[in-house]
């Protein structure tokens, strides 16, 4: 699905620092939580970019920054070449028509006091230009049908639906304005495993139908592999490795990626015996005070002097071959086939 | 798998999400392929079959009304309040006696066919005084509650939603008002007026009674404003007005309604207290509080003089609390 076309979304050096303040009346800044600290990636039309990483690595903050729900401290988010990270007012409204979001928890992302008609119809109430007058109800029913729900249920309340159905409602709301990009912030992690697959497949179907681009945030590596064309691995506010799905999963070069992949459950008990598990020691360092140089060095088995002094850039490393040739932020990037190592 | 297809998405309560694909049951590393997992074919939802008679499209208010019409609390309190309201506005329908006609010769009479509840020390008919006293109490209760919900609601909502320095300022102002006891403040306020009426009492109680509502609204708004559906509305580009009115307030109002109905009762009681202390309504106005006050002098000889206005006061307060309870339940779709 990946094409060499012009990227629809370019993220350049995106930074978000949350100030840490002290004092009640006269607040002074005593530091900052570096939630996102220089993230770069591109998204092309019709592509799915998976964003993985453990809790607290800044994945959701990236989503909020892309949605302009938080203001970036620095850096740019370019939608079709235009920086959208600083727009406001009318321009922001038009950006919102093109970039929408699907939330993690379908139990909290739908207003319990609004009917499905109101929830999915709200985009049209906010953007009256998106639907000709009087057609909003009809559009809502079309959307319900599109996501596999009964269009007759438009006067029901969210609590009358199951988790999977609610997430479908959330997806229908995201689709209402015909956006080109949908940011999915862990859209299935609150659902049962069986329902996860249904929702994922619905999202793939919709992508094919409308040429949507997804930024798919998750911590479930299996799901990310299933849906993504390319995958970016985040650690402590930075992308440590980015590449196509095959490059990341079958030919990981960054030690953190390798450690993550080694934690994926293997179904075959015989194979499980033979595979090497990389167990990381220690906790994730505080994003308010990240380690110098490489942020992963405190937990990395390869760490050496240079890792503390020089920050490894996210770039294609020399000395690698085949699928291992992709951007990796490690001084000692080296392919290690984790998934098939048996 | 066509049967599965048909089973899915029928009624929300049905077991539409049974795990019906084998490949994922053994945890494979990667999601099972599309064939095994699901079902995104056209007509994935069931035909409109499961829609019984209760599946008619209905608006939110119609839904709330339907819920109310099934609540015994609503009927009991509704009937009593309707009666009290009629009493307040058309007291002549209930009695043809003049509550201000007090022949001293009839002082402290026991109940009789001429005076159902007896007469008080001045010889006034207690039944008609109790009927006429409803007006002052009900006006004070409803009008004061309206004021505090409006004032406290606005202060609390602004304070909670915007936060920051606005919140700090409003919270301190609320604290200052909280420091003044309601009864004391109302006493001071009332004594500043030569001409007192029901509306003076309403103003006094409204000006010093809104803080609790403000605090509850503030807390409630803070909880709601970080909810995902508010973030979703922001992501859609909704303005502050829309977010506040459509998303935050409807979800934050429930505790306010409950507290407001309880305060309604206490305001009626406070009005009675003020009248009891002689600083509430002027003697020319008939109110339960003033009557309770004057009845205390004969409480040992004729406790019924105290009993009737007190009974009406208690029943009124209780009815408002019951009604508030029923309305809150009906307005909350989650409790249905």
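Cβ atoms are placed via backbone N, Cα and C, with glycine included.
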For which of the residue intervals B:98-117, B:118-137, B:198-217 does TrEMBL record transmembrane segment?
B:198-217
B:248-269, B:270-291 - the range that TrEMBL marks as transmembrane segment:
B:248-269
According to TrEMBL, transmembrane segment applies to one of these ranges: B:74-94, B:221-241. Which one is it?
B:74-94
Please identify the range among B:1-27, B:28-54 that TrEMBL labels region 'Disordered'.
B:1-27
Using a Cβ cut-off under 8 Å, which residues of the same chain at least 6 positions beyond either end of the transmembrane segment (B:138-162) come close to it?
84-85, 88, 170-171, 173-174, 198-199, 201-202, 205-206, 209-222, 225, 240, 244, 248-249, 252-253, 256, 260-261, 263-265, 267-268, 271, 316, 320
Distal contacts, the transmembrane segment (B:74-94) - CB-CB under 8 A, six or more residues away:
68, 128, 131-132, 134-135, 138-139, 312, 315-316, 318-320, 322-323, 326-327, 330
Same chain, outside the transmembrane segment (B:169-192) by at least 6, Cβ under 8 Å from its Cβ: which residues?
155, 158-159, 200-201, 203-205, 207-211, 214-215, 218, 270, 273-274, 277, 279-280
